[in-house]
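Taken straight from TrEMBL:
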| type | residues | note |
| --- | --- | --- |
| BINDING | L10, S11, G12, G13, M14, D15, S16, A17, V18, A19, T20 | ATP binding site |
| BINDING | C213, C221, C224, C227 | Zn(2+) binding site |
Amino acid sequence: MDKKLALCILSGGMDSAVATAIAKSQGYEILALHFDYNQRTQEREKECFKMLCKDFGALKSFIFDANFIAQIGGGALTDTSLNIPKNALEILNTNAYESKNSIDAQSQQTSNKNALESLPITYVPFRNGIFLSIAAALAQRERAEAIFLGIVEEDSSGYPDCSEDFANKAQDFISCGSGENIKICAPLVHKNKNQIVSLGLSLGVDFSHTYSCYENNQKPCKACDSCLLRARGFAMAKAKDPILK
């Protein structure tokens, strides 16, 4: 009997780890894909990716060089000349809990240039679109039935490629471009961080093998958008974050 395969885009962060755990719980065997796009915390993320691959018993793991994303530039995650905003979660132009309707309304009222300027400096232009395009090619070659990714709309930082609409349209172009029905699965898209933490714990995710900080490779800065969202999630889930011990 053929194995049911899912290609999981696994950054080493908590969202992609929980999305991978969901794939595993649904009976998929895991093919794990990680992208090195010269992000600030690539060293730590790669360590976490390798640990998570062992945790999930991945059949295969892939680390792809996507440094061309850093060459495109435009965001502080890859451009060290730009500062990572600190303690700015509540004053982002696009609030962490803003609904997609508000984002859609803003997009209609601004030009493409102004819409881009309204995004957080940590936004990497079309990152998830690039990742999914490459993942689709690999999934087709490996005969995977599904691609799982950990995008989150409700408490992302307002990134347009973290929405349900983005995932649905990605499904269309990947089905069209591959000629196959490779399912795009974004199981966390309408969950917030405390729900993700609780779900991950129920599925046995080892959060000590995940990392979320935008800034540092060793210890989380505890002040960037991603650190604050993670801290909020654990606090609301009434759980302790193991990487802060």
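Cβ from N, Cα, C; glycine included.
Unlike curated records, TrEMBL annotations are generated automatically.
Locations of recorded TrEMBL features on the structure.
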residue	record	Cβ contacts under 8 Å, 6 or more apart
L10	ATP binding site	S16, A17, T20, A32, L33, H34, F49, L52, C53
G12	ATP binding site	H34, R44, E45, K46, E47, C48, F49, L52, T210, Y211
M14	ATP binding site	G150, I196, V197, G200, V205, F207, T210, S212, R230, G233
V18	ATP binding site	G150, L188, I196, L199, G200, L203, V205
C213	Zn(2+) binding site	T41, R44, K219, P220, C221, C224, S226, C227
Those same-chain residues, other than C213, C221, C224, C227, found with Cβ within 8 Å of the centroid of the Zn(2+)-site Cβ atoms are I84, K86, S212, Y214, E215, N216, P220, K222, A223, D225, S226, L228
Simplified to three states, DSSP reports T20 (ATP binding site) as helix
In three-state DSSP terms, the structure that M14 (ATP binding site) belongs to: helix
Within 10 Å of each Cβ, count the other Cβ atoms, then let me know which of the binding-site residues C221, C224, C227 comes out lowest. C221
Extra residues within 8 Å (Cβ to Cβ centroid of L10, S11, G12, G13, M14, D15, S16, A17, V18, A19, T20), ATP: L52, G150, T210
Neighbour count, 10 Å Cβ-Cβ cut-off, for T20 (ATP binding site): what number do you get? 27
Number of Cβ atoms other than its own within 10 Å, given for S16 (ATP binding site): 26
C227 (Zn(2+) binding site) -> DSSP, reduced to three states, gives helix
